[in-house]
Amino acid sequence: MLVQCTRLCLQVLRPTARSVTFSTSSRWSAAAKPVSMEDYTCDLIRNFSIIAHIDHGKSTLADRLLELTGTIKKKEVGKNEQVLDKLKVERERGITVKAQTASMIHTVDGRQHILNLIDTPGHVDFAWEVSRSMAACQGALLLVDASQGVQAQTISVFHIARERGLKIIPVLNKIDLPAAQPELLAAQMESTFGIDPAEIISISAKTGKGVDAVLKAIVERIPPPSGKTTGPLKAFLFDSLYDRYRGVISLIAIQDGVLKKGDRIASCHTRKKYEVTDIGIMHPEEIPVNGLYPGQVGFIACNMKESSEAHIGDTLHRPGTTVEPMPGFKPAKAMVYAGIFPVDTSDFPKLEESIKRLALTDRSVTIQRESSTALGQGCRLGFLGTLHMDVFRQRLEDEYDANIIITAPTVPYKIVYKDREVYVSNPTEFPDASEMASKVIEVQEPVVKASIIVPEDYFGDMMDLCYTHRAEELEHRYLDAGTGTSARIMLNCVVPLSEIVTDFFDQLKSRSSGFASFDYEEGGYKASDLAKMVFLLNGKPVDALALIVHRSHEDDIGRAWVKKLVKVIPRQMYEVPIQAAVGKKIIARETLSAYRADVTAGLYGGHVERKMKVLERQKEGKARMKRMGTVDLPQEAFFEIMKK
Ligand SMILES: Nc1nc2c(ncn2[C@@H]2O[C@H](COP(=O)(O)OP(=O)(O)OP(=O)(O)O)[C@@H](O)[C@H]2O)c(=O)[nH]1
């Protein structure tokens, strides 16, 4: 069954997941009647997100907060499945991919408050989702693992939150672990961020210890949103989902005015007009409400058919009124591209449909059709990073039963011709040697500003890793100065993005025994000595195997790939040379020996001459096939090649 929206996926995926029981004690428990929201004035609302390095415990803390506020029933300690990590891939990999929203009720001094939590993903590929989530908040819980301390992404999310003017509540998590060092890490947070140690709350999200203090701090320290009920409607669209039946579901934060079912709204971005057909809050499941009031966060459905109509960062208003649009977001930019082809070429229409449907729930993927002589019809997709690519592939396989081949990832290169500039993300479109010589001024590649945090002992290994991946402008400084913790170093450098999308992250982890953390941001384009490497099977180039390589790596890459190819390509009736070439230069060669069918097997005894004749005929046949130049390369061989 093909399912389009995240919410519906949930239902399909539920059999594998522990079912979530919603508390009946909550005033909002799955009521049939819309919940009345007008009493929740701004002073009773807190909008916040949890920000942290990957795996520091955001989703676990979110679950504890949902339990403590009676939004969901308490579950056994030790169960790992998180309520807000809804996708199967998220549960399997233990990472958050898609930010989710949940509204909770918390009573303080007899007054019910609404706490709107926006869960954020932790991986660097999804930084866009993080900044998007923060835009609807006034505060953030900065979560740090008390056994690991501040990591590369802790620093980057801290800066995003500070730039957005959010009130930051520092929280040290996992204090139940024997390796936890809360006092030392409090000093580390003070020296890194200038945070007052007295403000830090120490908790164990796993056991629930200290989580009530977090709840208290959310209400006491995070400022309420501001907004006027009487002003013209102004709502900020910060996320969207896709529902098969209702179309696009937009998540909004009301700035001014009141929005109710049946109201007409208009988009500042597209100027299109809609009618609100459904309105509610995420509790974390949808609960219908009578309306959304200033400062509140909820969802609306309004007959938007295409995901592109819900422009993230858009401002919604009433038709006929003019409002100042709120500052939007920089759109997500694809950093990594790969071709996706069906293993069985006749499956292309089904695959294309599945990709389009999945992209409705993942707005950061870009799609273009692509065709390859070797792999047939397929799509070229743009992703935010390699983890994003991998997650999309897994979701295609899990949720749409797709059987696919995904080509080696490439980054968008800039080709500066004498008269124009062109971005190329498909190696087949990269200029060949003669075009390079006659028409191209230079080729530029995207670079990133990377930061690595690593214990001092691994510093040498990290420097080596950076050099072998063509890093430049290396700088380092000691963190934790004078805090008594073992010294850690922050290493900053500029690295080509193409180096990051291959094995950089795996090597970083293995060469630092898992202690290094890594983060990066865009760093523009730099001129580079790049070339197209093609692979020839029996003298013929195979388009799907072409790569763009840096000239300093061409020998290593060429040799490694022909070695790999010779292992996976099935033997043919004749000998097949496998070559890697850059321009006219052959970089590496392996020979696939012939599969020798024993044509003489049926000849018992008999004449040696007759045997020779048959063998001779076989040789001629082989030569003919070779001349025809057809190498039998099944899709499965590609599958093997593209696998790491
Ligand atoms: N011992 C211990 N383990 C914890 C605690 N909090 C979280 N964990 C574990 O740490 C791991 C990561 O927790 P998550 O809540 O998935 O972390 P996350 O930050 O949401 O991860 P991403 O969404 O991928 O960034 C899980 O195995 C949790 O069970 C804690 O207080 N103590």
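Any Cβ shown, glycine's included, is placed from N, Cα and C.
The feature domain 'Tr-type G' is assigned by TrEMBL to 43-226. Per TrEMBL, the feature GTP binding site maps to 52-59, 119-123, 173-176.
Filtering ALA52, LYS58, ILE175 by Cβ distance to ligand 1 (under 6 A) retains the following binding-site residues: ALA52, LYS58.
Comparing Cβ neighbour counts within 10 Å across the binding-site residues ALA52, ILE175, the minimum falls on ILE175.
Mean pLDDT, taken over the domain 'Tr-type G' (43-226), works out to 83 on the 0 to 100 scale.
Within the group of binding-site residues (ASP55, LYS58), the Cβ with the highest number of other Cβ atoms inside 10 Å belongs to LYS58. Following the DSSP three-state reduction, the secondary structure of LYS58 (GTP binding site) is helix.
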